[in-house]
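*Asks:* Please find one structure pasted underneath; my questions will follow.
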Amino acid sequence: MNYTYLFVLVWLAYLICSGVLLFSRGFLLARVSKTETSTCRRLSTSPNDEYLLTPEVVQEIFKDVNASSSSNLCLPQKSKVIMLVIDALKYEFGVFKENTTEPLPYENKLSVLHQLLQQTPEQARLMRFKADPPTTTLQRLKGLTTGSLPTFIDIGSNFASPEINEDNVIDQIVKSELPLVFLGDSTWTDLYPRRFKRAYSYPSFDIFDLDSVDNQIMQHLPKELASTDWQVLIAHFLGVDHCGHKHGPIHEEMARKLSEMNDIISSVVAAMDNETTLLIMGDHGMTASGDHGGDTDDETNALLFAYSKQHKFFTSNDSGSDSELLQQIDLVPTLSAILGVPIPYSNLGLINFNIVPAVAVPHLSKFQTLLLHAWQNAHQIYRYFFNYALENKRTFNVEQMDTLETEFILLTHRVQTIYNEAAFKSFVRDLNINLRDILNVCREIWVKFEPAQMSHGLLFTFLPIFFAFLLINNSNASDYAKIFKPKEVSYTFLMNIAAGVFGYRYYKNFSFKTEEHGVIFFTSLLSTVLLAFYTLRHWNSIANNWANVKRFGHMPTRLLLFATMAVFFSNSFVIQEAKILSYLLVAVILLLVYELLQLSARLDFRNKFKWSQFLRSTALRLILASLLAICCIRFASTLFRCREEQGNCADFASASTPGFSVKRPAMGKTYVLAVVIIVLYTTLTRLYLRSCGNLTGNSPNVLLARYGPTVASICAGGHILLANSAIKNIQRTHIDAMALVIYGLLLLQIVVVSWAPLMTFVLPPRNPNTISVNGRDSIVPEIFRKMKRMYEGDDDAERRYEIPVVYGLATVYSSIIISFGVFLAMLMIVLLEPRASIGLIVCVVVGAIILSVHGILRYRTASSFESCVQPTFSAVVGWFLLAHFCFFATSHQTTLSQIDWRAAFVGRSSALGQSHLISGTLVILNTFCGPIFFYCMYALLSTETFSLFALFPNLIKSSSSTSSNGRSKADAAAAALSDIATDAVGFDMSRGELALYEYEDVFLGAGFKLATQFFMLQGLKIFCAMLACTIHCRHLMVWKIFAPRFIYEALATFVGLPSLIVGYLLLLRINRAVDGLIKRINKDK
């Protein structure tokens, strides 16, 4: 029966997550990739080639420029190309400031660019290279090679680089039999395997490594420059990007890396021949903190520098191209024009002639050469755009399409009448405007929303939450055994499997586009019917329980929950979500204390208020504890990271701003404070467990809890100090070893909990016939007292010796959960930045105070075991808010550019391989440490009342009940405490958490209900995020604010619900072990 509840939780988690997944498929659809490829007739000046360029051919071309034979031409190759891609080369890194006396570390380091611009201005170009978001390397490389716009959801594949099958410039170069050589980042060879004549690729995995990849490139680059068997050479350097991630742009290491790049560029310029064009570019920029991924100007403004030794470049006056700004997608057709290869089919960029060598083409004038290039580019864009629009009619506005088509028809007539340079300039200006209009149309409505998938996702996310509320939230914990019978639940799973197979097999019959949609639709539909059936079958008991609920009960808590959900519907609320959560969390704590003080006033001070009594009362301690929690929340708010939209955000200040912030190494005080807090956390936890008796004995979990946290805290502290140390000769493997020890300790904890979780020690019963005396005492009085007891028949005293003493039994459940939490927290601390680790432990302190306040409140308001083990609604909402507040307290934000990718490489430079799965797992643990930790620990809300009563009876019981009628003996006091507990809640709480085992059916049912309540809260939160995205799908800020917020909440749901299942599974494992312990003790007796 116990595991039946676990299967029901898995079922509900699947339903909620599948609904979210289905919605995301409709809302975050990727652009439909086209498999068509471009071809052209390659004109040549060599008599041996098939299409020789002659005056007759030129005359035939200009007789009808619109003819397929004329518009589908490739002019001869103009030069070879060397592409030096310097990852994260921001535009400001290449701008030379002559009057600067104290340049910043990134300024004036690329002096060779300035020298070339000064010496040969007609043969060198420096331009702003504008990237499309998302500004992650993988998506930028796709844009740089296909000429298409990236899709929003593509950012998720930055750790897994799939091969590109869409038409691209690399494949066109290969098809044109132009040999390619590549050196550097292995992302290129992942995207384009088997395309290069020679490839020296190296993994871009370790962002802490600034030099390895660059050094390998420098080792092979001179040899390749001297070689003559290639037409295109690409080298992708990673050091600048890694330096930005590790140190930020204002750091001495950035100055070193840029100076190193300057030397490399100088050597390439010296070694290249006269028939080669050099292109130096960044794939994206970086923020002031060295990060990227978003759409700020700092992230999208990269640098492009072009240089040719012999040939001048075309000018803006010749071609009308922008001389200051080059869109990254414009690089693809520009490269195609230089190399004389077809422009890829799905390209939307324009040729920028400012970086095309002005090499004369035989029999063609300058304006004719430019016209053929521009018209070939236009035909390719129109062919792709109108074919795409024809296949996706609902995506584009009909009137807009008619306007664009009319303009194109007019241009096809105008192109026939161009006979001089002036006419060409007028024509190309209008042509470029029209092509940019097409690009803007695609930018605005590229993501094609799927209303069916979005509506199905919303519906199938909401329905499980609704029926769980009706069925589970409005039933008693003792009734779940009747509602969810093992056989029925197993049939439910089998029916869902059958529905999934049906959906997978017949999805096309119901007009679904994918098998996934069919599987989710039919399993969710069947599950909704089954949940409705369960609800109707038990409607009488549900209605009776619902009738007993106060209509306006918990109204303040409901309003706080409503405010939490309302955040998603306003972009300004999303921006300020961290502050809003901190206020709501403080409000919940004050609400809990207010409810408790109301009870204290009625119980402790019902006759007359006395200051002396108040100063000794529990009420004062709780007020002080709540003030401490509020102070902790206020302190945690200083650890928040800001967003770009917050005007005073230093992370996104521009270089011209006086307050330009950098990723400076945090002050030593921060590191020391982090280490001290970590040591305090593990020490206080260990002292608590020792006071509970859970560190007595030599069982595996006791030994691990006794020594493991100490080792983990030493390793975590050492990792913080060494990983952020300015000392350069520390070996990376030594730092990683500390992280690996913590990983190993958590895995060992999981194994031990699975095998022997209990932290108890059974003291064997003493033999009643033995007599114990101290060395200085006489044995005669002891013999006399023994004989007296036997004579008077005091069997109770003798029988007491037969009952074994069990250390740690009063906290048998909570101690294991707390111990597990320590190792989980240590893992998260080593993945977080030092400031963020402080935030995590501050949240743990707030959680401990919430547990203490709620434990006392729950005892004083409970009337039965079931009400005592079931937390109040205020406490549930408080724990839920704390889990999400911890996300912001650990220095995270719901923006794509602020993902802490550093966590993917902690402890992995020499171990654990290069698995993307491990990388993703570590980043998820770092980003969502709050929900994962507090959801795994959720069962403490049910157990803490019992452990508090057993450990601190004077704290939890009211002072009016503390009188023992003058009895001062230990037995009398214990009996009085037992009587107080029994009178208050109807059972003896003095045994602590052992009472949970005695009522295990109700206890496990309450744990299941509590997990389901968190399911409902998390499900309601993600549902509101989905609904907000649906309402605001055409909002100006949908991709800037609402979509990233939905993605973060969806991921929090995908990891939060399994964390709750892990928490309940931990509870079941402990209960099974306690059952074995009790049975073993009874058998021994």
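Placed from the backbone N, Cα and C atoms, the Cβ positions cover glycine too.
Caution: TrEMBL annotation is automatic and unverified by curators.
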*Asks:* Can you identify, from 457-477, 1003-1023, the stretch that TrEMBL calls transmembrane segment?
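*Replies:* Among 457-477, 1003-1023, the range TrEMBL annotates as transmembrane segment is 457-477.
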*Asks:* Suppose you had to name the range TrEMBL annotates as transmembrane segment; which of 670-689, 970-989 would you pick?
*Replies:* 670-689
*Asks:* I'm validating the feature mapping. Which of 337-356, 357-376, 877-896 is tagged transmembrane segment in TrEMBL?
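*Replies:* From TrEMBL, the annotated transmembrane segment range turns out to be 877-896.
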*Asks:* Should anything in the same chain at least six residues away from the transmembrane segment (737-758) have a Cβ under 8 Å from its Cβ atoms, list it; otherwise answer none.
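*Replies:* Cβ under 8 Å, 6 or more out: 699-701, 704, 708, 711-712, 715-716, 718-719, 722, 808, 812, 816, 819-820, 823-824, 826-827, 830, 906-907, 911-912, 1066, 1069-1070, 1073-1074, 1077.
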*Asks:* Does the transmembrane segment (917-941) reach the transmembrane segment (838-857), going by 3 or more CB pairs under 8 Å (6 or more apart in sequence)?
*Replies:* yes
*Asks:* Please work out whether the transmembrane segment (557-574) lies in contact with the transmembrane segment (670-689), by counting C-beta pairs under 8 angstroms that are 6 or more apart in sequence and asking whether there are at least 3.
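*Replies:* These two segments do not touch.
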*Asks:* Name the range, of those listed as 457-477, 519-536, 838-857, 877-896, 1046-1067, that has the largest tally of Cβ pairs under 8 Å with the transmembrane segment (618-636).
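*Replies:* It is 838-857 that shares the most Cβ pairs under 8 Å with the transmembrane segment (618-636).
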*Asks:* If you average the pLDDT over the domain 'GPI ethanolamine phosphate transferase 2 C-terminal' (874-1051), what number do you get?
*Replies:* 81
*Asks:* Near the transmembrane segment (838-857), which residues from the same chain, at least 6 beyond its ends, have a CB less than 8 A from one of its CBs?
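*Replies:* Distant contacts of the transmembrane segment (838-857): 585, 589, 592-593, 595-596, 599, 618, 622, 625-626, 628-629, 632-633, 635-636, 639, 670, 673-674, 677-678, 681, 821, 825, 828-829, 832, 871-872, 874-875, 878-879, 882, 885-886, 889-891, 929-930, 933-934, 937, 940-941, 944-945, 947-949, 955-956.
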*Asks:* So which residues does the transmembrane segment (519-536) touch in its own chain, when a touch means Cβ under 8 Å and the partner is 6 or more beyond its ends?
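*Replies:* For the transmembrane segment (519-536), the nonlocal Cβ contacts are 11, 14-15, 18-19, 21-22, 456, 460, 463-464, 467-468, 470-471, 483-484, 492, 495-496, 499-500, 502-504, 507, 510, 512, 542.
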